[in-house]
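Copied from TrEMBL, the annotated features are:
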{"type": "TRANSMEM", "residues": "20-45", "note": "transmembrane segment"}
{"type": "DOMAIN", "residues": "24-504", "note": "domain 'Major facilitator superfamily (MFS) profile'"}
{"type": "TRANSMEM", "residues": "100-119", "note": "transmembrane segment"}
{"type": "TRANSMEM", "residues": "163-190", "note": "transmembrane segment"}
{"type": "TRANSMEM", "residues": "213-231", "note": "transmembrane segment"}
{"type": "TRANSMEM", "residues": "345-363", "note": "transmembrane segment"}
{"type": "TRANSMEM", "residues": "369-388", "note": "transmembrane segment"}
{"type": "TRANSMEM", "residues": "400-419", "note": "transmembrane segment"}
{"type": "TRANSMEM", "residues": "439-460", "note": "transmembrane segment"}
{"type": "TRANSMEM", "residues": "481-500", "note": "transmembrane segment"}
{"type": "COMPBIAS", "residues": "506-520", "note": "compositional bias 'Basic and acidic residues'"}
{"type": "REGION", "residues": "506-536", "note": "region 'Disordered'"}
{"type": "COMPBIAS", "residues": "521-536", "note": "compositional bias 'Low complexity'"}
Amino acid sequence: MAGDQLNVLNALDVAKTQWYHFTAIIIAGMGFFTDAYDLFCISLVTKLLGRIYYHVDGAEKPGTLPPNVSAAVNGVAFCGTLAGQLFFGWLGDKLGRKKVYGMTLMVMVLCSVASGLSFGSDPKTVMTTLCFFRFWLGFGIGGDYPLSATIMSEYANKKTRGAFIAAVFAMQGFGILTGGIFAIIVAAAFEAKFPSPAYQVDALASTVPQADYVWRIILMVGALPAAMTYYSRSKMPETARYTALVAKDAKLAASNMSKVLQVEIEADQQKSEDKSNSFGLFSKEFMKRHGLHLLGTTSTWFLLDIAFYSQNLFQKDIFSAIGWIPPAQTMNAIQEVFKIARAQTLIAMCSTVPGYWFTVAFIDVIGRFAIQMMGFFFMTVFMFALAIPYDHWTHKDNRIGFVAMYSLTFFFANFGPNATTFVVPAEIFPARFRSTCHGISAASGKLGAMVGAFGFLYLAQSPDKNKTEHGYPPGIGVKNSLIVLGVVNLLGMVFTLLVPESKGKSLEEMSGENEQHDEISSTSNNNSNNTAPATA
């Protein structure tokens, strides 16, 4: 089969790991670093936004965002991301990966800055402009998912491809970590410069006017890492697989990759006209070959993100419930940002970041399927272990145990389906649909994130209406919400059975493009003895 693979693709598959692989990881990874920073930093400042813009005179507790505003602020970026994944995924297959790659970055940079500059002084104006810019920020972030994964998979060799794509995704961990650390630094600096009493001592004075700068600075800094890699992205050549298999220019692909790999690659004589490879996306032939694969990648990512994002965005609520973050009225506004950021940073440092890099280390050793199945299994186990004896975990003496179990759930999400659901769609579909199919899978994930983010807001409320947060209807409580998430993870294991193993195989072998290439070569050899065979 490999005998009929184009020279340039074979050269990429067997290339030794070298410097350009690492520069590609950094260039693509900085996009993901920014994505994670931008998507997760909002959860650090939502309580602060509530205090600044929704303060109620004489209230026992500090102001909080009303349920609809909270859902919009937390979730609007996901709506943008979903739209961006579908649009830029499709565009990446139509125009080429490189052309679209710079666009997504510019959108991210501009909207990061703009969301921090959300104007107006009354709550409605500020929240409306914040949501508007965060939607478009999400749109840019959405484009980064299919393009980064596809570019990395098409540049990598087949031996370490999984680790390279996972390493790009693992930069998310550093983005979350950096968001937390930066918020700690900003909050500590503002607290030192503008000290204020706790809310219960003096409600008005507990939120200093300068606190309005804190959330804006935290949101705007997300633009920096993306801006720093814009030039490098513009200099990356188009991937050889797009140039050879989609644009049908094997000669240009060989020339581009000769420069990158610094070896001479003989250009294939023919432009690969591929008659049997002309079926369209969602055609009967596509559904026969790849329909179950697409169902597998979309359903597992959807289920994973319900659990992952409901945990991640609402960490601070869980920390408050078990007492890691003191009651809001015992702190001033900036102290609350500091405490939330500290808790989130500890979780990221101890479980989120290590989980990603465990995947990088083992994905090409034990394979995607095993990691995904194992991750879903342990997430299910730990969710039930947290949920069933939930009352036990709420006692002061058992808090550390709760946090340890909670951290392990995160660890196995990242050393598990959170990474593999990103890697696999970039490996198993044909080159001309690869970016689109990855975008569809990722958009399905974001749909799950919205279910997790919006649904958990309401579900986790206490069933006792006297104990719910202001403005929320009674829910099923944290315990029952965790049981629901456990069931979601269990379903993830079932749908993982639809996902094929791609470890150690070339992209063309996985997508069936080699077989199609074989058919064309043999047909053309039968028809004409003068046709140059496409040898590898």
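Glycine is no exception: its Cβ is also placed from the backbone N, Cα and C atoms.
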Among 20-45, 100-119, 163-190, 213-231, 481-500, stretch most in contact with the transmembrane segment (400-419) (C-beta, under 8 angstroms): 163-190
Spatial neighbours of the transmembrane segment (369-388) far in sequence, C-beta under 8 Å, 6+ residues away: 300, 304, 307, 359, 362-363, 402, 405-406, 408-409, 412-413, 415-421, 424, 479-480, 482-483, 485-486, 489-490, 492-493, 496, 499-501
Mean of the pLDDT scores, which run from 0 to 100, over the domain 'Major facilitator superfamily (MFS) profile' (24-504): 88
